[in-house]
Amino acid sequence: MLAHGSNDYGVSLKGNKTGSSPSKASSLNWNEPHTLNEQNTYCYCGKDRNLRFPDLQCSVCLNMFHLSCLSPPCTSMMGFSTNYQFVCKHCTEDGFERFERGVSAWKAITATAMANLVVKRYVETNPDVPVDSFNAEKMRNFQANTYFFKKKEDLIPFIEEHWQLLCPDREKVQTWQATLGSCLVANRDTYRAKDETMRNQNSEYALNNPNLFDFRSGYIFPFQRVGATVPKKRLVETETPPPSSSKLKEDYKDSKREMKRSNTPWSNASIKKNEVPTVPIRYKPPPWRDSDFETVPKLPIFYPNSSSPNFFSLSEIPFNRRGFRYSPCEAAKDLPNVMYREIELPPFTSRINWHDISTPVFIDHSALCATVEKGFRMARSNVFMTSGEWYFEIKIEKGGGDDGAHVRIGVSRREAPLDAPVGYDAYSYGLRDLGGQKVHMSRPRNFMDSFGTGDIIGLHISLPKPSFAQHTTLPSCHDRIPIRYKGQLYFEQPDYVPSKMMDELMIPSKHNRYIDLPYIPGSFIKVYKNGSYMGTAFENLLDFNPPNSINSNHYSFDDGSLGYYPSISMYGGGIARFQFGPQFSHRPLVLGSNVRPVSERYNEQIAEDVLCDILDEIDYAEDPNTSSVTIDVPQEPNAGITIIPEIKDITE
């Protein structure tokens, strides 16, 4: 039996690629459900349907298409599936197919499994029947409802073997076999028992409909998109259960939550005393499931961009959004208290973070280059800088010309919005291709000549380590909540959000000219264009350390992600490419060996994450109710009256 879209029998169904356009399909004589026609002509190839070659139905023209004829051939779906939405290339404006898997309802899973078992049994009992005999022309009167199957002996082994093809969005919970049995008993409209007077979970069942060619999108269960498995905001009260919409709610019902609180509050000009807790509640992680150790991490699904063939949009992963961020993780048996740890996906290097892009952004397979069709959108790297001397380059592959394509490049903090350009607010510093202006808080200021297509901009970032941090531990918390999203494990963490005070800095006001705002003394961003020094664009960068960053649950601490991220933003087809090193196009000779390529941060961050996991494991094993976080931190001595030039220019 053919379990998915690959051609296991060495028989090609492909023919003339112009075989069945919508206009030709509409001229054929179709049956009522639009699954069979008298001419036996389907798909791009114009060939007949065949029970041993899975196909799917276009939701627009309603023609049927072989999985092996798609571009590229689809190998991720079981034959006779019904939980999908497909649009053929003849019915899309850009000529690219659209395919999306939906929610896997047990009623549909069971029917799909049973249909495949029918074909499998027929092949086993008739091994000498040629493949062509399975064509719709010869199998229209095939009685699939005469084949009976048992739950334990037939359905359970088949579903177990083909779980990822049948229901990739589902976890294999302990009760799934009982759910399968209940589904068979309850759905008389779809399954019939061999003896209806003894209908129970141990009965033999067959499909009610004898025609396997009726299987199509929505046939068993209406198509429903797979939604996020987590709420937009988590509750943090100690006795409040998690939101009912959480897919993991059953794992939390009996979990005790442990508090990690401070005794000494922080003080800051922008934060009132005792207003912002420095350490959040610790949630006990949900228990492992057997399937957690069998799940193979997957990359995002890449969909080609019609206007830029080398760029792709991403799907099948959660994207960072205001107040929440995501990273792939796995169950860790060697960490029985921490229980879950973050993992890396290829390419294993400094690159654009799959999750940390605005959804309209298109990226290439190297994950170093990005573009967008409309509006300014941002993409952030998966590495960030906290202290030290760093250098990276950005190549402008398209921008700064008269065609409307533009880029803005620079660095940003976690709070900076992804649906805005670099330099939009107080959380990012950017350079504008048009006019070569530097931009902070959306206020452009003259800095250098324009740059555009072919230019390479080098950025030297200096973030001196504050003297007070050498003998003081900043508030930190590494706790993360695992969630399940489309069959994969991810950490969900409250991300840092803009404060009201920082947002108000964007409004021109004489009162904002001088403000009590912490910064990093001696920090700067120096700029090079094609290896030539352009000057220092920014000095005394705003401090990102607690309490200057507060997450969406109103806590002020470092979760291991605070720092400045290399960032690119594109507009109207602009294209920018990161060059993180160690090999650069125009590394200035004046930079000493102490200025490191940003590529070195990748392995450093992994080591930092592993170290935090080990320390947390030791800490929680000794006493799960004790926090290892040190809170008593003096106020940064250099945080005080800061003259913000962007505001000074407006008010004078």
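Heads up, residue numbers simply count up from 1 along the chain you see.
Glycine is treated like the rest: Cβ placed from N, Cα and C.
For 1-32, 234-270, the entry in Swiss-Prot reads region 'Disordered'. Sequence annotations record features per position, and here Swiss-Prot assigns compositional bias 'Polar residues' to 15-32. Annotation source Swiss-Prot lists zinc finger at 40-94. The Zn(2+) 1 binding site feature in Swiss-Prot is assigned to Cys43, Cys45, His66, Cys69; the stated evidence is sequence analysis. According to Swiss-Prot, the feature Zn(2+) 2 binding site maps to Cys58, Cys61, Cys88, Cys91. As annotated by Swiss-Prot, compositional bias 'Basic and acidic residues' applies to 247-261. The domain 'B30.2/SPRY' annotation in Swiss-Prot covers 330-519 and is backed by sequence analysis.
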Rounded distance in angstrom between the Cα atoms of Cys45 (Zn(2+) 1 binding site) and Cys61 (Zn(2+) 2 binding site):
15
How big is the Cα-to-Cα gap, in Å, between Cys61 (Zn(2+) 2 binding site) and Cys69 (Zn(2+) 1 binding site)?
17
Mind giving me a neighbour count for Cys88 (Zn(2+) 2 binding site)? Other Cβ atoms within 10 Å of its Cβ, every protein chain shown.
28
For the zinc finger (40-94), provide the mean pLDDT of the predicted model.
90
Most Cβ neighbours within 10 Å: which of the binding-site residues Cys43, Cys45, Cys61, Cys69, Cys91 is it?
Cys43
Determine, from DSSP, whether His66 (Zn(2+) 1 binding site) sits in helix, strand or coil.
strand
